[in-house]
Amino acid sequence: MTKYIFVTGGVVSSIGKGIVAASLGRLLKNRGLKVTIQKFDPYINIDPGTMSPYQHGEVYVTDDGAETDLDLGHYERFIDINLNKYSNVTTGKIYSEVLRKERKGEYLGATVQVIPHITDALKEKIKRAATTTDSDVIITEVGGTVGDIESLPFLEALRQMKADVGSENVMYIHTTLLPYLKAAGEMKTKPTQHSVKELRGLGIQPNMLVIRTEEPVEQGIKNKLAQFCDVNPEAVIESRDVEHLYQIPLNLQAQSMDQIVCDHLKLDVPQADMTEWSAMVDRVMNLKKTTRIALVGKYVELPDAYLSVVEALKHSGYANDTAIELDWINANDLTAENAKKLLGQADGIIVPGGFGQRGTEGKIQAIRYAREHDVPMLGICLGMQLTCVEFARHVLGMEKANSFELDPDTAYPIIDIMRDQIDIEDMGGTLRLGLYPCKLKAGSRAAAAYNNQEVVQRRHRHRYEFNNKFRQDFEAAGFVFSGVSPDNRLVEIVELPEKKFFVAAQYHPELQSRPNRPEELYTAFVTAAVKNKNQSL
């Protein structure tokens, strides 16, 4: 029988529900259980694919092509699993599906209501996420906070699950903020008490509290919370601020969180062996070197827009025994005149993805600087496309070369719209999304990075591609197409082999990086940056 764990939040948003859920998932996985995890987002968008990065952060893409919340990146990195489209559910997605069924007459003339139709659809998504992955345990995080009007159908569905599958198969975990008032010199439990009161008013009694705090919590405070919130004192778990996120699973295990969960759900499984994870954390906490990477982007005011890129760089840093120091460079501010000032101290340059014209000329200048000064450079998605544009302009003499996306009237459309995208009008959910194969060129930098594999599978999110009309011109000038689709139609990786490291990929390698298993192309880039730093000393 599948076990269901529901994680809700109270008092304030952004208190780390996703990290708590992911950490618990890692602990349960290390007990030998097959775990999956999903995120409920109560916004009305179908998915975050068309949302501004300034509002939502990055869009995380799954193997099967779902555009999802960035928390799924945390889930995959912590638990080391590949999630699917059932792992992110929004209000918009649920209402869209219910209304589509209503139009088809599938409700046989019934009045369509929040209860039972919306709540039934939500419960079906929970169960589908578990069955499609054949999981022993599914953890469902509900975005937002208890008391938000848009969360009510989600919480009602969670309440109903207890009756549907039995109380011994359901556990409710409530995460809240425990504020510390410096003036009074004490922690305040009242916000948590009111949050739990609100949750109980909706028919959900939490079985565990996870309290986010900056200071250590005395047992007396935990006892008070247990008494007023009707949970066992040992089920009041402290989630204190840490230096590194990957410490959190170990901190939760030290408080027997996973054992309490297993006892409640009647799971008789071995203790979690966190030896490898602990060794990884020790390595992270004791890095001996620092490597400086310039990240040139258009959304740098909100680092969450590049969350997976940053994490992948860190993972590859761990493998090289180096911390990554990021210089956040706003592409809008970068010009040929100030490129040396902004980029001259970097050991490596990364140009990540994006959409639209703003900032593209600055990114092109960053790529040009990397090429002309032989600074290790990694381009991702739009960064790969602009790598091709830069080469066309400044090496091949195609002065007005551009992407069709950025200039439909360009005489040299180095990057063109994909053929199967030409007649598509909708923006949402219509990109080339998900896992696709990439055939590697033997002897190339890319092939070496991937241990000379012939084919790798990586996740994509794009609508434009390299225009093959220009392929011979590029190759004649020494530009290498080191990764292509198996049918040789789509360019996936480009490089200049004579440089220290000058590689760009159409796909998003960062989406498959893990703290204990860094993505190979990122690792090759960071390794080159470390070597470049050493040569400059």
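Cβ atoms here come from the backbone N, Cα and C positions, even for glycine.
Per Swiss-Prot, CTP is bound by Asp148, Ile149, Glu150, Lys188, Thr189, Lys190, Pro191, Thr192, Gln193, Lys224; the candidate from Ser13, Ser403, Ser444, Ser482 named for the same site is Ser13. In the record from Swiss-Prot, residues Ser14, Ile15, Gly16, Lys17, Gly18, Ile19, Arg240, Asp241, Val242 bind ATP; the candidate from Asp64, Asp69, Asp71 listed for the same site is Asp71. Summary: among the recorded positions (Lys188, Lys190, Arg463, His508), the fewest other C-beta atoms within 10 A of the C-beta are counted at Lys190. DSSP assigns Glu141 (Mg(2+) binding site) to a strand in the three-state reduction. In this structure, Asp241 is the one among the recorded positions Glu141, Asp241, Glu405, Glu510 with the smallest number of other Cβ atoms inside 10 Å of its Cβ.
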